[in-house]
Amino acid sequence: MPCCMPGVAFVPALLVSWSSAAFIISYVIAVLAGHVEPFVPYISDTGTKPPESGVFGFMINISALLASITMYIRYLLIEKQNESSHFVRSSCNMFTLCVGLMGCTGMGIVATFQELAVPSVHDIGALVAFGSGVVYITLQSIISYKSCPRWNTYFVCHIRMAISVISCIAFITMIVFASKISMTKIDWTPGEKDYTYHFMSAICEWTVAFGFIFFFLTFIRDFQEMDAWDEEKHRKRGLGKSVRHQEGAGGSKRNGRSRMSNYTLTHWCK
């Protein structure tokens, strides 16, 4: 459970659980209200009409905030690891963070401007969110490989790269099929014009979205280790202070004994 995780490790856990809930809750409300067909609608279609639009907008905006916080902590973590290992340039780490934050901005646009209300702005936001997200997780996968074997296991790196490749392929396929759709609507039925393009594009969209979720899930272990490093650092700092204090106390005693011996010797000589 996120509340039982130490330090900052709860942030990616909360991001994963909250984002999953945002997609599922808005989907359930939209289907029960009869606003979308239950079989693979677009994610945005499940947040277009009220009441699900309010839930979708609120929860996705929170997800964008949590994603920004997670990305920034990840940036700080890599900077901290890089102090001793020097496995990636700081500028590359900063560029990766900026790409990720751009994707979070796209998420905010998607949540704020509904698909049917302002379709052009909504589509731009979705393109920025998914495109930047795919680039971000790909760069993070490359950085993870560079940090092996000290800071990451190859197993985790393979999982991250697999998610990145699948998400990248799904994103490109989504764009290709979506570009062939000639109308903007949410109440699709099988057999009508462009339904096949809509169906394939929607599958790819869900694949990319949950690809991001599973990718951030792999950050939890890294963030837990970051807490352990902080505890070890504070422990060593405390031991260092204790040793210096003991050395200082021992030095004072030795100086005192030395001064007493000098005084006794001088007094005896007189």
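Placed from the backbone N, Cα and C atoms, the Cβ positions cover glycine too.
Marked as domain 'CWH43-like N-terminal' by TrEMBL: 8-225. Annotated region 'Disordered' per TrEMBL: 237-259, in sequence order. The transmembrane segment feature in TrEMBL is assigned to 7-33, 53-73, 94-112, 124-143, 155-177, 197-220.
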*Local confidence of the prediction over the domain 'CWH43-like N-terminal' (8-225), expressed as mean pLDDT*: 93
*asked:* Below 8 angstroms Cβ to Cβ, which residues of this chain, lying six or more residues outside the transmembrane segment (94-112), approach it?
replied: 44, 47, 56-58, 60-61, 63-65, 67-68, 71-72, 74-75, 121-122, 124-133, 135-136, 139-140, 143
*Using a Cβ-Cβ cut-off of under 8 Å, list the residues of the same chain that are 6+ residues beyond the ends of the transmembrane segment (124-143) and lie near it.*
44, 71, 74, 78, 87-88, 92-93, 95-96, 99-100, 102-110, 112-113, 157, 160-161, 163-164, 167-168, 171, 174-175, 205, 208, 211-212, 215
